[in-house]
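Trainee: To start, I am sharing the structure in question, which I have written as structure tokens.
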Amino acid sequence: MTISPPERGEKAKPIYDQPVDRDHVPADFEKFEQPGFFSKSLAKGPNSTTWIWNLHADAHDFDTHIGDLEETSRKIFSAHFGHLAIVFIWMSGAFFHGARFSNYSGWLADPTHVKASAQVVWPIVGQEIMNADMGAGFNGIQITSGIFQMWRAWGITSETELMALATGALIMAALVLHGGIFHYHKAAPKLEWFKKIESMLQHHQIGLFGLGSLGWTGHLIHVANPTNALLDAIDAGTPMVLDGKTIATAADIPLPHELYNADLVGQIYPGLASGVGNFFSANWWAFSDFLTNNGGVNPVTGALWSTDVAHHHLAWAVFLMFGGHVYRSRFGIGHSMKEIMGNVKGDPLLFPAPNGHKGLFEFLSNSWHAQLAVNLACIGSGSIVVAHHMYSLPPYPYLATDYPTVLGLFTHHMWIGGLMICGAAAHAGIAVIRDYDVSVHVDNVLDRMFKARDAIISHLNWVCMFLGFHSFGLYIHNDSMRALGRSQDMFSDSAIQLQPVLAQWIQSLWASSIGTSAVVGTTTGLPGAVSDVFNGSVVAVGGKVALMAIPLGTADLMIHHIHAFTIHVTCLILLKGVLFARSSRLVPDKANLGFRFSCDGPGRGGTCQVSSWDHVFLGLFWMYNSLSMVIFYFSWKMQSDVWGTVNSDGSVTHLVSGNFAQSAITVNGWFRDFLWAQSSQVLTSYGTGLSGYGLLFLGGHFVWAFSLMFLFSGRGYWQELFESIIWAHNKLKLAPTIQPRALSITQGRAVGVTHFLFGGIVTTWAFFHARLLGLG
């Protein structure tokens with residue numbers, strides 16, 4: 001990638017004096033009438049069907065349009081605004097559905113019995129059968145996105161407020177869309193502005209995350225938490241009294257602007273009426289009623305204490321605003337990222353690199369692909385952490401007892417995380433090919449990584465084989481023993497035990513921390529379990545289990561090692577695609593061939609499907625396999641050992657009567673007692689409100705099977721078939737002007753993996769929803 005030089009004779013000016021170019025590119029709507037305007041070859045129009053595939057492949061590959069880093073940066077920056085506009089429009093749609101087509105008020109009045117719905121099917125060809133009874137006289141489609149629970153946590157009490165939010169989100173969409181146009185056509189930032197790393201860190205940490213978190217804290221303290229306190233009191237059967245008026249329903253709750261009255265809100269949280277003098281006099285304990293550290297969950301809602309959540313956001317705001325001030329920008333004080341990274345030495349044992357991290361700052365600040373790879377890996381990992389917090393630390397009221405929603409949110413965040421991590425590998429591969437300069441990186445950690453790639457990959461390969469043979473071997477053994485009627489020789493909790501002692505020890509550590517002074521500033525320590533899933537007690541809401549201890553046994557240890565196997569294979573494939581992106585013994589000149597290429601020309605047989613893109617392609621399959629095992633395990637484990645109803649004597653009746661420990665230790669058990677037994681709801685859904693999922697289940701299977709046609713067949717077969725058909729058309733003088741051509745190997749694989757993932761996701765979606773919605 002080239003960097004635009006300054007104009008000849010022009011003296012470099014400080015970036016703060018002139019950070020943008022005015023009227024950089026005039027808005028030209030005629031370009032949109034010419035598909036492929038960004039490429040000379042594509043702009044000529046199609047002469048074969050390959051043109052449409054190349055158009056899709058290159059439309060957003062800004063690197064190849066001009067090859068200028070400044071122009072690419074401007075396009076990406078402008079596209080960010082467009083992305084935000086789409087997000088705001090999507091949010092507006094959600095708010096609008098909540099305002100016009102939902103039973104939000106009915107759910108808010110009785111969240112333990114009324115089911116959430118924000119969509120009603122119109123009776124056109126009989127599909128109104130899908131409008132099931134949600135309770136309180138409302139019929140619609142049950143939603144499992146968790147937005148009702150989230151809105152309740154925000155302090156939203158009516159559809160009127162949702163309509164206001166829908167309108168506001170549309171206004172924001174218009175504003176950011178205008179911002180994208182403005183910052184590309186009217187005031188385009190210069191490359192130096194994009195490369196001001198310290199200023200960017202300050203803007204993100206202080207402005208976006210720090211002040212954003214502080215602003216959200218303000219909303220929680222002044223609006224959401226007082227509203228939730230009133231709603232909690234109503235749900236607990238002990239409504240509060242404000243100014244002599246009993247707050248018996250959500251309609252009685254004061255409006256947000258009324259809660260700014262200190263005398264009124266002081267009746268809910270006295271600390272809010274004490275004034276800011278306590279803040280400046282450091283008497284912060286006066287605020288301890290609305291900024292708490294309770295730990296555990298609210299027994300009324302089964303969710304984290306809203307006052308704990310406010311405290312959390314306030315703490316993050318302080319950390320981020322302080323941390324954002326430590327970087328050196330225009331005043332010449334503070335840390336320089338270049339100096340920090342340049343002074344870091346490599347690991348003397350694993351990667352002895354004399355030049356340490358020298359050159360990494362330049363690489364990251366000149367390669368947006370490298371930055372994106374790091375960010376995607378971090379955010380993807382964060383999404384997976386969020387998935388696990390949905391059930392262990394449920395953040396929103398009544399989320400924990402809405403089992404379909406918990407499963408949906410877990411699955412969603414796992415898949416999003418997996419896709420982002422695969423995206424990280426993709427952009428790391430592109431960065432290595434397009435932005436990595438071998439002459440610059442000499443004996444630094446990047447160089448040492450590439451030189452040690454054979455050792456890294458061979459060790460990963462050994463780990464994968466060890467985990468694969470041993471974990472699957474345990475299952476083979478158990479299936480064989482059960483088939484032969486020798487249950488006493490199986491690995492199980494009742495025969496040969498393989499207890500996860502380390503995990504059980506960690507669980508007991510969390511449980512034993514209750515009452516210890518583990519919290520700074522407290523004398524009593526943790527008043528309750530951080531999360532009741534770690535050897536805690538049963539938290540029941542509305543007669544259903546919200547949280548309880550999750551027991552671990554032999555089945556969990558066996559599946560854990562299956563997870564370890566599949567995740568390590570995914571890591572092996574993705575990492576190999578990055579480390580071997582520029583060259584390999586088979587294809588030494590990969591760097592010249594680019595990120596994606598089908599085959600490496602005549603005379604070099606066996607060199608197809610070795611590009612960095614092909615590794616991402618394979619990694620996507622293994623990512624899907626890995627996460628399918630994770631979400632299936634989660635679904636079955638929770639139904640068997642956690643979710644259920646709490647009886648009057650305190651005992652729990654689980655959804656599937658605890659069959660996980662005995663059935664999940666054989667492959668046959670997974671097929672019979674999970675896939676087959678739990679698919680009964682979706683397979684028998686016709687004629688019920690779940691019939692839509694029955695159709696989706698079949699449709700998802702068809703899309704998935706359709707992908708195999710692209711993945712199992714060779715390009716040559718299709719090209720020969722096309723040529724025969726073209727010959728027949730020529731005979732009849734019906735030949736098209738655009739020549740039909742078979743997909744390239746890369747294009748075929750792209751179509752295949754897309755349908756494979758889409759079909760599998762839709763099938764799983766229908767399977768999970770029908771199962772848990774069918775159980776009620």
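Placement of Cβ uses the backbone N, Cα and C atoms for every residue, glycine included.
According to Swiss-Prot, the transmembrane segment annotation covers 76-99, 162-185, 201-225, 309-327, 368-391, 407-433, 455-477, 557-575, 615-636, 690-712, 750-770. The feature [4Fe-4S] cluster binding site is assigned by Swiss-Prot to Cys599, Cys608. Annotation comment: Swiss-Prot describes His701 as divinylchlorophyll a' binding site, evidence class sequence analysis. For Met709, Tyr717, the entry in Swiss-Prot reads divinyl chlorophyll a binding site. The feature phylloquinone binding site is assigned by Swiss-Prot to Trp718, with sequence analysis given as support.
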Trainee: Looking at the binding-site residues Cys599, Cys608, Trp718, whose Cα is closest in space to that of Met709 (divinyl chlorophyll a binding site)?
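Mentor: So, of the listed binding-site residues, the one sitting closest to Met709 (divinyl chlorophyll a binding site) is Trp718.
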Trainee: Does the structure show the transmembrane segment (407-433) and the transmembrane segment (455-477) touching, where I'm treating 3 or more Cβ pairs under 8 angstroms (sequence separation 6 or more) as a contact?
Mentor: no
Trainee: I'd like the Cβ neighbour count for Met709 (divinyl chlorophyll a binding site), meaning other Cβ atoms within 10 Å of its Cβ, all protein chains included.
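Mentor: Its Cβ shell of radius 10 Å holds 13 other Cβ atoms.
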Trainee: Round to the nearest Å and give the CA-to-CA distance linking Cys608 ([4Fe-4S] cluster binding site) with His701 (divinylchlorophyll a' binding site).
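Mentor: Approximately 29 Å lies between the Cα of Cys608 ([4Fe-4S] cluster binding site) and that of His701 (divinylchlorophyll a' binding site).
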Trainee: Distance check, please: Cα of Trp718 (phylloquinone binding site) against Cα of Cys599 ([4Fe-4S] cluster binding site), rounded to an integer number of angstrom.
Mentor: 17
Trainee: Which one of these binding-site residues has the most other Cβ atoms within 10 Å of its own Cβ: Cys599, Cys608?
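Mentor: That would be Cys599, with the most Cβ atoms nearby.
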Trainee: Validating a neighbour-count step here. Other CB atoms within 10 A of the CB of Tyr717 (divinyl chlorophyll a binding site): how many?
Mentor: 10
Trainee: Tyr717 (divinyl chlorophyll a binding site) to His701 (divinylchlorophyll a' binding site): how many Å between their Cα atoms?
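Mentor: Just about 25 Å between their Cα atoms.
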Trainee: Given pairs 6 or more apart, does the transmembrane segment (455-477) have at least three Cβ pairs under 8 Å with the transmembrane segment (557-575)?
Mentor: yes
Trainee: Based on DSSP, name the secondary structure state of Cys599 ([4Fe-4S] cluster binding site): helix, strand or coil.
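Mentor: Assignment for Cys599 ([4Fe-4S] cluster binding site) reads coil.
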Trainee: If I take the alpha carbons of Cys599 ([4Fe-4S] cluster binding site) and His701 (divinylchlorophyll a' binding site), what is the distance between them in whole Å?
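Mentor: Their Cα atoms are separated by 31 Å.
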Trainee: Six or more residues out from either end of the transmembrane segment (750-770), which same-chain residues have a Cβ under 8 Å from its Cβ atoms?
Mentor: 144, 404, 407-408, 411, 415, 617, 620-621, 624, 628, 631, 635, 678-679, 681-682, 685, 690, 693-694, 696-697, 699-711, 743
Trainee: For the transmembrane segment (615-636), which recorded stretch in the set 201-225, 557-575, 690-712 gives the largest number of Cβ pairs separated by under 8 Å?
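Mentor: Checked against 201-225, 557-575, 690-712; highest Cβ contact count belongs to 557-575.
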Trainee: Hey, what's the Cβ neighbour count for His701 (divinylchlorophyll a' binding site) at 10 Å?
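Mentor: His701 (divinylchlorophyll a' binding site) is surrounded by 15 other Cβ atoms within 10 Å.
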